[in-house]
Amino acid sequence: MNTELQIVIVGAGGVAESFIASLVTKGCTPHAIVSPTVGHAEALSARYCPTSQVFHSLEEIPTDADIYLLAVPDRVVQEVAQTMPTTQGVWMHTAASVSLETLTQYHYSSAVFYPLNTFSKGRPLPMECVPLFYEGASSEAMEQVMRLAHLLGMQGREAPLSMRRALHLSAVFACNFVNHQWAVAAQMLERANLPVEVLYPLMQETLHKAIALGAQEGQTGPARRGDVETMQAHQMLLEEYPEEWRELYAITSLSIQKLYQ
């Protein structure tokens with residue numbers, strides 16, 4: 001059992017859950033979990049680590065831990081950092097688009113520990129399968145980054161803010177936008193009284209082909225082959241749907257066409 005690292009998890013969402021689940025799997029029980037929604041923190045503790053302390057206020061947390069992992073949304077990292085008590089150890093946030101200086105202005109020995117994936121509550125990911133991008137402000141911070149990465153089995157590389165922002169932007173296109181279009185497709189099928197499951201083989205092959213051939217090489221469809229007649233027919237069908245879906249179809253088709261000019 002790994003009992004060396006004392007880790008306080010700040011947050012109780014999907015990212016925090018994946019870290020907690022993986023830490024416990026690796027034999028390291030979080031020292032404490034803190035969340036203003038104390039019920040969420042208690043639920044995580046009950047599911048993964050009943051011996052972890054649970055707090056609803058940062059003022060109550062232990063101040064002698066090795067690592068304080070701020071697994072919170074990008075928009076609240078600054079607020080959490082401002083509210084953190086004076087502690088020992090290293091503070092780390094997990095947000096791609098937030099600078100390291102957001103932490104160092106309050107606690108110099110800080111780091112960024114950004115896992116590149118999509119995280120949802122109730123669906124923890126094994127962190128050894130997640131690419132890691134990190135940055136540290138001190139030798140102590142970098143040492144703890146390496147210790148945590150090694151414990152979790154994560155492979156990573158150093159990445160300054162500019163690189164992390166590029167990664168996050170590309171991830172929005174690769175994940176969030178693609179998922180949204182799947183959601184739109186599912187609603188279209190629902191209106192046609194068809195089950196979304198009929199798309200699953202197509203969705204799987206699209207992903208597999210993008211990985212095997214490269215997305216640009218694997219592109220198919222009417223926009224790719226310049227089939228104006230089919231695209232016009234689709235636009236007529238889309239008159240029955242929300243205006244933003246028609247706009248989405250048009251701008252995506254145009255983007256595809258321009259890519260292959």
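Cβ atoms here come from the backbone N, Cα and C positions, even for glycine.
Small disclaimer: the values here were computed from a predicted structure and weren't measured.
Taken from TrEMBL, the feature domain 'Pyrroline-5-carboxylate reductase catalytic N-terminal' covers 7-84. Residues annotated as domain 'DUF2520' in TrEMBL: 131-255.
With helix defined as DSSP H, G or I and strand as E or B, the domain 'Pyrroline-5-carboxylate reductase catalytic N-terminal' (7-84) counts 36 helix, 14 strand, 28 coil. Taking DSSP states H, G and I as helix and E and B as strand, the domain 'DUF2520' (131-255) has 97 helix, 8 strand, 20 coil.
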